[in-house]
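Notes follow the structure.
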Ligand code: CIZ
Ligand code: SF4
């Protein structure tokens with residue numbers, strides 16, 4: 001009898017598929033993936049692979065971004081309901097209205113947006129390259145709209161000295177992390193360093209020894225001499241950190257920082273997606289065409 005992992009491996013070969021998993025996925029899903037990373041790294045992998053099918057273990061906007069950049073490949077999202085509440089906080093219509101009120105502004109959107117929103121943007125960024133893009137690409141811009149994450153916008157504003165026209169979006173998972181959690185964990189582990197994601201509240205990032213995207217965090221924990229690390233992002237990333245640094249100890253800053261959408265993907269759903277060719281992500285061609293340019297610029301700005 002084949003177990004589920006063997007079944008997935010066999011079907012993957014048969015269908016010439018590759019499995020990409022985000023850093024926030026369940027441990028067992030990360031372990032069967034060909035590549036684990038952030039949305040920037042996963043999009044780059046999706047674009048460069050020879051595979052015909054991409055099983056995207058992440059949330060909808062990530063699979064959609066991969067599809068727009070690799071339209072000739074079949075992109076499957078194992079659970080069609082794996083969305084991102086932050087991405088759903090702004091629609092294309094709402095961004096068009098905001099743009100109409102600031103006609104001269106350049107529009108920078110976070111990768112956590114729908115293709116329809118990306119189609120309205122000049123540039124798209126991830127948390128790994130937002131600061132660089134504002135400093136380099138938008139240097140000459142007089143006004144910048146930065147949507148939808150108000151906390152990421154606040155962080156990038158602090159780093160660059162720029163101010164933005166923002167939207168009131170936020171990540172409900174990162175918003176659960178409170179300064180009290182940081183104080184408590186620091187008191188419990190006085191030798192630990194604290195790392196935070198820029199989607200956290202400013203009151204939390206201000207307490208951090210390092211603020212970084214998930215890939216930036218993975219690099220930092222390998223490079224720091226610290227052996228104890230308090231992790232201020234979605235708890236799923238700790239699986240990868242432990243695997244890459246077996247001698248170090250990791251503490252989630254809050255057990256509540258769990259993204260229910262990232263956890264929707266299970267091994268069973270990965271198998272079913274390969275068996276039944278579901279659920280195909282394929283944004284309308286006209287929207288994909290308009291979103292392409294902003295995504296292309298994002299992929300060229302690698303940290
Ligand atoms: O860009 C990503 O993958 C997200 C959502 C977070 C990060 O910092 O990697
Ligand atoms: Fe969206 Fe937050 Fe979940 Fe990331 S962790 S997918 S930003 S809800």
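Even glycines carry a Cβ here, placed using N, Cα and C.
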Record-annotated iminosuccinate site (TrEMBL): member among 91, 214 besides 22, 39, 110, 111, 112, 127, 197, 198, 199: 214
Filtered binding-site residues, from 22, 84, 197, whose Cβ is under 6 Å from an atom of ligand 2: 84
In sequence order, the binding-site residues (22, 197, 199) whose C-alpha falls within 10 A of residue 171 ([4Fe-4S] cluster binding site): 199
Rounded to the nearest Å - Cα separation of residue 112 (iminosuccinate binding site) and residue 259 ([4Fe-4S] cluster binding site): 14
Rounded inter-Cα distance in Å - residue 199 (iminosuccinate binding site), residue 259 ([4Fe-4S] cluster binding site): 13
DSSP-derived structure type at residue 197 (iminosuccinate binding site), helix or strand or else coil: coil
